[in-house]
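Working notes, structure below.
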Amino acid sequence: MSLKPTLLLILDGWGKAPAGPGNAVTLAGMPHLSSLLRQAGCTELACSGRAVGLPEGFMGNSEVGHMNIGAGRVVYQDMTRIDIAVERGELASNPALTGLFEAVRATGGRVHLMGLLSDGGVHSHIAHVEALALAARDAGVEVVVHAFLDGRDTAPTSGVGYVKRLASFLESNRAGRIGSLVGRYYAMDRDKRWDRNLLAWAMLTRGEGAPADDPVGAVEAAYAAGETDEFVKPRVVVEGGSPIGTIRDGDGVFFFNFRADRARQLSHMFVDGTFEHGDRGHVPSLAGFATMTSYDPALGLPVAFDKQPLDGTLGEVVANQGLRQLRIAETEKYAHVTYFLNCGREEPFPGEERRLLPSPRDVATYDLKPEMSAEAVTDTLLEEWAGGGYTLAVCNVANLDMVGHTGVIPAAVRACETVDACVRRIADAVLASGGRLVITADHGNAEELLDESGNPQTAHSMNRVPFTVVEQGRVHTFREGGVLGDIAPTILGLWGVPASAGMTGTSLITE
């Protein structure tokens, strides 16, 4: 099959924003890139929030951006998938939950919901706990919540607010009670410090911990003792001197964290029959144990939101056509044009070549060398383009993002100037060879280096990113309202190659 060679050039951190003192892109001018956009026309793509499968209002990032580009669809992250299920009222019918509820009803036990109680959105979200409690209540199951306090992805003493919110919610909806509380330092260790987990285990299964009459009082007592959320020692809610929420034989447990790394060890303690890292004492014979996402396939547990297969990616479609493709970047972004663009696949596809150029190691921060390795990446790219016989090449240029993260505006301007010079060389070579140049970004950064108060902003922006297609003798018209997941179908459409069945994105070109 003979198709026009196409280079997808991802200018990492290149967003669109009004000119201003914090916009390194407009301060630099980037005349060569600006000229291409004027000549070829362009559109802007959403690259944050729900547009890339993140929760609404969350900024995009390089990992998510490249996955969406490579997948040719919106790749919903775990938290967003759960949010959508809650919004649609689908959580209560999830098989992992209905199976657990049924098993607990059969034994006459209770369901214990355990996990990180906050709205940090890194490991869990309090809204998910509330929805789970309602689902269990509606299924006729008694609910006990075991709250692991955050203080790391949230303020150090914000935990009492989350406990108040949940306790009030459970009481007003008659949907259960909070039975115990402990800091994530103990319940969510991931570094094999099993002594910490064993303290949380003793609280959960034996009711060991400082007693309290109510959960809010338990947190306030911890604060009075000088403990902050992350480090709150086990606290148990008691009535008549006895813990109200101990996990017993015949009960069921649902671990509601959606991030796996800090939920894995405690889960092993409940289900691993060969546990050898300390004395657990009596291990409850549970009616069931289920988790929000897959923490470890070896556990063999029911999972509410298992990993989504991402077949039919851009790289796979190209490989299935028997075509050669190139991935190239410097170290800082190499994983993004390989592993993440291939949606979690480590090994190259047949016909996929990879070129890694080392990022500078002679500086501590890239504001001291804003050129990074862009010139070496460009040199190698053009050598490969001239002689490699590739139908698709994907190149990431890292400067605008990595220098943007330093917040040093003069350095970011220099990074933009460097990238602009590389774009000129790349465009000249691609067009002279009769190829096609697709230019875009994964998220913004360098265009917004000051916040509304004029203070340095080093995080990614929420801005849209430009998208254009440049080729000799043809000017395209682009639609509005696109997302990163539309890029792969656009490239395939230009070749006349059908998008894969899994690609839900649509072409950005109208004519």
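Even glycines carry a Cβ here, placed using N, Cα and C.
Some features that Swiss-Prot has for this protein:
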| type | residues | note |
| --- | --- | --- |
| BINDING | Asp12, Ser62, Asp442, His443 | Mn(2+) 2 binding site |
| ACT_SITE | Ser62 | active site, phosphoserine intermediate |
| BINDING | His123, Arg152, Asp153, Arg184, Arg190, Arg259, Ala260, Asp261, Arg262, Lys333 | substrate binding site |
| BINDING | Asp401, His405, His460 | Mn(2+) 1 binding site |
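Ser62 (Mn(2+) 2 binding site) sits 21 Å from Ala260 (substrate binding site), counting Cα to Cα.
His460 (Mn(2+) 1 binding site) falls outside any helix or strand according to DSSP and counts as coil. Rounded to a whole value, the Cα-Cα separation of His405 (Mn(2+) 1 binding site) and Arg262 (substrate binding site) is 27 Å. Close to the recorded Mn(2+) 2 site, the chain also has Ile10, Gly13, Cys47, Gly60, Asn61, Gly65, His66, Lys333, His336, Asn396, Asp401, Ala441, Asn445, His460: residues not among Asp12, Ser62, Asp442, His443 whose Cβ is within 8 Å of the site's Cβ mean position.
Arg262 (substrate binding site) sits 26 Å from His460 (Mn(2+) 1 binding site), taking the Cα positions as reference. A distance of 10 Å separates the Cα atom of Asp442 (Mn(2+) 2 binding site) from that of Asp401 (Mn(2+) 1 binding site). Among the binding-site residues listed (Asp12, Asp401, His443, His460), His460 has its Cα nearest to the Cα of Asp153 (substrate binding site). When Cα-Cα distances from Arg190 (substrate binding site) are compared across the binding-site residues Asp12, Asp401, His443, His460, the shortest belongs to His460. Checking the binding-site residues (Asp12, His123, Ala260, His443) against Asp401 (Mn(2+) 1 binding site) with a 10 Å Cα-Cα cut-off leaves Asp12, His443.
Non-local contacts of His460 (Mn(2+) 1 binding site) by the CB criterion (under 8 A, 6+ apart in sequence, same chain) comprise Gly13, Ser48, Met59, Gly60, Asn61, Asp401, His443, Gly444, Asn445. Counted within 10 Å of its Cβ, the other Cβ atoms near His123 (substrate binding site) come to 24, all protein chains included. Between the alpha carbons (Cα) of Ala260 (substrate binding site) and Asp12 (Mn(2+) 2 binding site) lies a span of roughly 28 Å. In sequence order, Asp12, Gly13, Ser62, Leu400, Met402, Gly404, His443, Asn445, Ala446, Thr458, Ala459 are the residues of the same chain, not among Asp401, His405, His460, whose CB sits within 8 A of the CB centroid for the Mn(2+) 1 site. Annotated pair Asp12 (Mn(2+) 2 binding site) and His123 (substrate binding site), C-alpha to C-alpha distance, rounded: 27 Å.
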